[in-house]
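Structure first, commentary second.
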Amino acid sequence: MGEAPSTTTSGSVAGSATSLPFAVHVIRGRWFSLFASFLVMTGAGATYLFGVYSKDIKSSLGYDQTTLNLLGFFKDLGANVGVLSGLIAEVTPTWFVLLLGSALNFGGYFMIWLAVTNRIAKPKVWQMCLYICIGANSQNFANTGALVTTVCNFPESRGVVLGLLKGFTGLSGAIMTQIYLAIYGNDSKSLILLIAWLPAAISVVFVYTIRAMTLVRQPNELRIFYRFLCVSIFLALFIMGMTIAQNIVTFSRRAYAGSASVVIFVLFVPLFMAIKEELNLWVRNKHQPVIVPDVKIENMNQNHEHQSTNPTSLELDNPNSKPIAKTSCFANVFLNKPERGEDYSILQALLSTDMLILFVATFCGLGTSLTAVDNLGQIGESLGYPTKTIKSFVSLLSIWNYFGRIFAGFVSEILLVKYKFPRTLMFTLVLFLSCAGLLLIAFPIPGSVYVASIIIGFSFGAQLPLIFAIISELFGLKYYSTLFNCGQLGSPLGSYILNVRVTGPLYDREALKGLAKKGLDRSAVKELVCMGNHCYRSSFIILACVCCFGGLSSLILVIRTRKFYNGDIYKKFRDEAQIIAT
């Protein structure tokens with residue numbers, strides 16, 4: 001009888017000794033890193049909520065629409081100029097990038113919250129522009145730290161990975177809306193506070209679990225991603241159902257809390273799926289060796305032969321040989337560029353014709369979409385919709401933003417692999433779809449803003465994964481953290497010209513005409529508001545024409561890259577990857 005306790009104790013010790021290494025294996029695994037990236041990206045979409053709290057900024061600080069659109073531009077500038085985060089990621093570890101991003105997020109949005117709630121003296125306009133630019137710029141650090149790292153960990157499934165991660169970013173606005181309604185009620189000023197602390201906290205918690213790992217390919221990899229897709233689709237449909245219900249029925253604080261609890265639970269379902277996959281890998285690694293393809297050894301031999309026949313090495317071996325003429329840096333940048341799909345240098349990529357065309361298309365596509373997103377709150381107000389309905393527009397745009405990203409990621413990957421359908425052509429079709437949504441706002445009919453929110457949200461969401469995937473495919477992954485951020489530089493420029501210089505002044509002009517009809521001038525009102533179908537008509541006709549031009553310009557890229565996309569663009573990654581036997 002004395003031996004039984006000893007056996008039980010030894011069994012428990014053995015179990016704990018086994019569970020601890022497995023826990024470490026899970027936390028350091030690719031699938032747990034992917035789950036952590038989902039959560040980080042869920043907090044990285046606060047910029048899409050500007051339409052909800054912009055009304056509070058406008059009324060609290062007494063801004064006109066042009067000034068508010070100037071704030072919107074600096075938000076877009078911060079959100080899309082991620083060159084700094086890309087360059088920092090080239091020389092620092094991922095954890096530093098994520099921590100720096102969390103600090104910028106909290107600092108920027110917390111100062112906006114203090115200003116809107118009158119806890120500090122009214123800031124100057126340039127100070128508010130600086131605050132929102134800093135807060136929005138943190139999104140790039142989340143993208144660079146989580147998204148770029150995950151794409152490098154799953155290079156052969158990059159379209160799917162981009163679609164999933166950017167899909168969670170697209171859902172971010174709707175998710176945060178549910179959480180803030182549960183915590184703060186219907187106080188949209190408190191939403192700014194939530195935006196300040198929640199994304200920063202997520203990055204801090206998971207900061208050490210997201211990192212680049214050894215390239216390993218699992219045969220069932222795509223099937224696992226489809227499971228994650230099913231979870232995210234369920235989450236999107238649930239939030240859409242809650243959004244519609246909350247617009248029809250008055251929810252109590254307890255009902256909001258219940259809705260938010262379901263959202264948070266579904267967000268953590270991928271954690272259990274990640275643990276399951278890491279357990280499968282744990283068991284396989286114990287019983288089966290990792291099979292390394294022979295092609296990798298051949299590549300090493302080829303590299304050795306290349307080194308032995310390198311002109312520089314021959315020159316060193318044979319002192320009598322004539323010196324080889326050096327190629328100028330200018331020739332390397334403009335003339336001796338790699339083939340599409342190989343690793344470009346940063347200058348080679350940025351100064352290429354393909355990147356220039358992509359820049360023009362991004363300027364037109366993302367610039368017009370961001371302008372529509374930033375003005376959605378005022379569009380609803382000008383057409384006489386109540387505040388609750390305007391929040392529904394923002395939530396619908398956020399949810400369909402998600403569906404656009406998922407569609408662009410998964411469907412473009414399937415069409416590319418099975419039918420050689422170029423991603424550049426899908427990008428063109430998405431831009432033409434966006435034109436239809438912009439025209440629905442220019443010529444509104446009853447209920448058309450609902451449809452416009454869906455179309456613009458879908459097309460806006462679809463553009464981002466396509467742009468990022470096209471950049472990775474055309475210019476390689478070696479400098480992807482920098483090129484990824486450089487590729488969206490056309491977006492803030494488009495937002496500034498189309499939002500600040502076109503849409504804002506045209507709106508204010510219509511509002512001043514309305515005041516003049518009443519015999520008033522600008523000094524008679526604190527907040528400049530325009531009411532009626534005409535408020536955004538001229539500006540959105542211009543936006544639709546610009547977006548159409550972007551679609552036509554992207555057709556040039558389709559023609560230039562058709563031969564490249566007809567080939568096998570993932571072959572080299574299959575050759576280099578380790579394949580885990582099943």
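Using N, Cα and C of the backbone, Cβ positions are placed for all residues, glycine too.
The feature transmembrane segment, as given by TrEMBL for the ranges 31-54, 343-366, sits at 31-54. Taking Cβ pairs closer than 8 Å, the transmembrane segment (164-185) reaches residues 37-38, 41-46, 48-49, 52, 146-147, 150, 191, 193-195, 198, 225, 228-229, 232, 235-236, 239-240, 242-243, 246, 251, 253, 256-257, 259-261, 263-264, 267, 391, 394-395, 397-399, 401-406, 409, 457, 461, 464-465, 468 in its own chain, all 6 or more past its ends.
When each of 31-54, 255-275, 393-417, 540-559 is checked for Cβ pairs under 8 Å to the transmembrane segment (424-443), 540-559 comes out on top. Among residues of the same chain six or more beyond the transmembrane segment (540-559), those with a C-beta under 8 A of the stretch's C-beta atoms are 354, 357-358, 360-365, 367-369, 371-372, 422, 424-425, 427-429, 431-432, 434-435, 438-439, 441-442, 494, 498, 502-503. Between the transmembrane segment (95-116) and the listed ranges 31-54, 191-212, 224-249, 255-275, 393-417, the one holding the most Cβ pairs under 8 Å is 191-212. Contact counts against the transmembrane segment (31-54), taken as Cβ pairs under 8 Å, peak for 255-275 among the stretches 224-249, 255-275, 393-417.
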